[in-house]
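*Asks:* Let me begin by handing over the structure; questions about it come next.
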Amino acid sequence: MADIIRDAAIGQLIRWVTKKRYLKYPEERDDFVLPEPWVQLMNGVPLTSHNTSTSDASTAAEGKETGGILRTPSNGSTRRDASPPPSRAPKDEEAPTEPRTRHSEDHHDHHGGSHEHVQHSDLGDMTARRLREDEEHELEKVKSIPIVPQTTKDGAILVDWYYTDDPDNPYNWSRNKRLAINVLICLYTFVVYTTSAIYTTSEGGIIQRFGVSEIKATLGLSIYVLGYGIGPLIFSPLSEIPLIGRNPVYIVTMFLFVIISIPTAFAPNYPGLMVLRFLQGFFGSPCLASGGASLGDMYSLMALPYAMMSWVAAAYCGPALGPLLSGFAVPAESWRWSLFESLWASAPVFVCMFLFLPETSSANILLRRARRLRKLTGNDRFMSQSEIDQRNLHPGQIFLDALIKPLEITMKDPAVLFVQVYTAIIYGIYYSFFEVFPLVYPVFYGMNLGQVGLVFLCILVSCIIGVAVYTAYLYYWMNPRIEKFGWPVQEDRLIPALPASVGPTIGLFLFAWTARASIHWIVPTIGITIYGATVFIVMQAIFVYIPLSYPKYAASLFAANDFFRSALACGSVLFAHPLFHNLGVAKGTSLLGGLSVIGIIGIWLLYFYGARLRKLSKFAESGEADEEPITQEKN
């Protein structure tokens, strides 16, 4: 618990106020001593298999007990000039634990927290290598095997984890700790998405209070969606800069989200309400793109799809449950009640994040470790991989690269472009439900606002069905094949989406032609459930496909995807009302069903030709492939 609080925002604030007298990191304690291989490398002593394996193996268990560090020997040596203890020959009957040497190509792996410059031709090898590393790490993290440090060509000592069970490595965090962080990220995502649609039950009151048209009233939902589509384009690249990390972006923006929710609930006029709704969406947006990247910081490739399901489910159910949460309260109280509920939901989540959400970016964690080691030893040779990669770049260049590259990939890579367009269409149709439901269930079936909100529970049911189907696919098909045959191509992740892509079309047409007074309300609701379950499976498959295609820019590609989805959803909220009023529910929904056919064709084409499209990607030819990572000298 102490390390969670230390790494959370509250801990960093306490450290800043007390000038680091409390909640110290291991390198800041008086009794800390570097592991022997690090001291030898710093002093210019060549590392050999004998002097690394024997001495460190004998102290590995001690390092594990003290949290992955070595304590000062009893001879009273100080931390700055402590010399390594003499090597001890292993007993004949004991086989020493060999230190883990990170070769040059391994320094960029995901456990080290740095990213590679990835070419499309290397993606299969990279994911297969990462899978092997995941398997090795799962076996080794239960031991305390020293990781031998490496040096770069110019003599810098590359800062890495001290041991395979280093507690600062997010992959080594306990299952309960990772689960708690996962829950926090999902709650964060759920609250932000719920705040979008919770507004819809207040539209009637806004029309009466401010004397605006129905279209202008729906703008409050539309502009919020636009805000959380634009925000990640700025915030997600910031979170990928190792100097910043993910937590500062999350905490600052969520704090602003809570603060802005207060005047939003008391907005005295229509323009002010619209501006505040946009700012709400804008500052609530980081988790909508970076949440998946945060989960990727903690989970192995085999476990990540399971973790991603919870995040996608939170994002998927949030808008649907918004009208339910406010559907009964708004008619009983006032139209402002839904806006108060957003504040009441977001404030406790922010407090939990402030107290218990640690930094998950390995690049940021190792960068801060490198700073502490430089201060501890007075040796400027200690550098993290991110510092080496970016030491000749201006901060503005770093931010511009992180901002431009995702859009460049989207525009130049046909496979990614299709994914963005297809998810945008699906998401736009999803948000159009918030306009068509009030035209169907109150008119044909005499339901009130609260009862219409209950109909949205079918989305929750569809989400549960989608989770069950996708979990079965992973557990019974994908993961056993990976264990037997090795890592597949990325397009194999789209297999569940192939049959599921037909579902949205079936569900929409079923809703379109059964939503009438002569047919029981459960029938069109079944159509929406079919739509929701199959869309969840498609979205889950796509959200796993994206980071596997471009792991370096995972958070920013999620941001680009969020922008495409939100831009069309923003427009769909506005055009849905005149669409259904002019064409009617049946023809209007049939038009949307016809659009969904594009996705059926596209998903199958992506499955069969995705690898070829990625090989032809203009992005791979734009200079990214020519950038070589820093290579390290092998000792």
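Backbone N, Cα and C define each Cβ position, glycine as well.
Heads up, here are the entries from TrEMBL:
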COMPBIAS  49-58  compositional bias 'Polar residues'
REGION    49-123  region 'Disordered'
COMPBIAS  89-123  compositional bias 'Basic and acidic residues'
TRANSMEM  179-199  transmembrane segment
DOMAIN    181-614  domain 'Major facilitator superfamily (MFS) profile'
TRANSMEM  219-236  transmembrane segment
TRANSMEM  248-266  transmembrane segment
TRANSMEM  278-299  transmembrane segment
TRANSMEM  311-331  transmembrane segment
TRANSMEM  343-367  transmembrane segment
TRANSMEM  415-434  transmembrane segment
TRANSMEM  454-476  transmembrane segment
TRANSMEM  497-515  transmembrane segment
TRANSMEM  521-546  transmembrane segment
TRANSMEM  558-579  transmembrane segment
TRANSMEM  591-609  transmembrane segment
*Asks:* In the same chain, which residue numbers or ranges, 6 or more beyond the ends of the transmembrane segment (343-367), come under 8 angstroms Cβ to Cβ?
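*Replies:* Contacts of the transmembrane segment (343-367) (Cβ under 8 Å, skipping residues fewer than 6 from its ends): 3-5, 7-10, 110-115, 159-161, 168-170, 180-181, 184-185, 187-188, 191-192, 194-195, 239, 242-247, 250-251, 254-255, 257-258, 261-262, 264-265, 284, 294, 297-298, 384-387.
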*Asks:* For the transmembrane segment (415-434), could you work out the same-chain residues 6 or more beyond its ends whose Cβ comes under 8 Å from its Cβ atoms?
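*Replies:* Residues packing against the transmembrane segment (415-434) from afar: 197, 200, 221, 225, 319, 323, 409, 504, 508, 528, 535, 538-539, 542, 545-546, 549-550, 557, 560-561, 564-569, 571-573, 576, 579, 592, 595-596, 598-599, 602-603, 605-606, 610, 613-614, 617.
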*Asks:* Looking at the stretches 248-266, 278-299, 497-515, 591-609, which one shares the most CB pairs under 8 Å with the transmembrane segment (219-236)?
*Replies:* 278-299
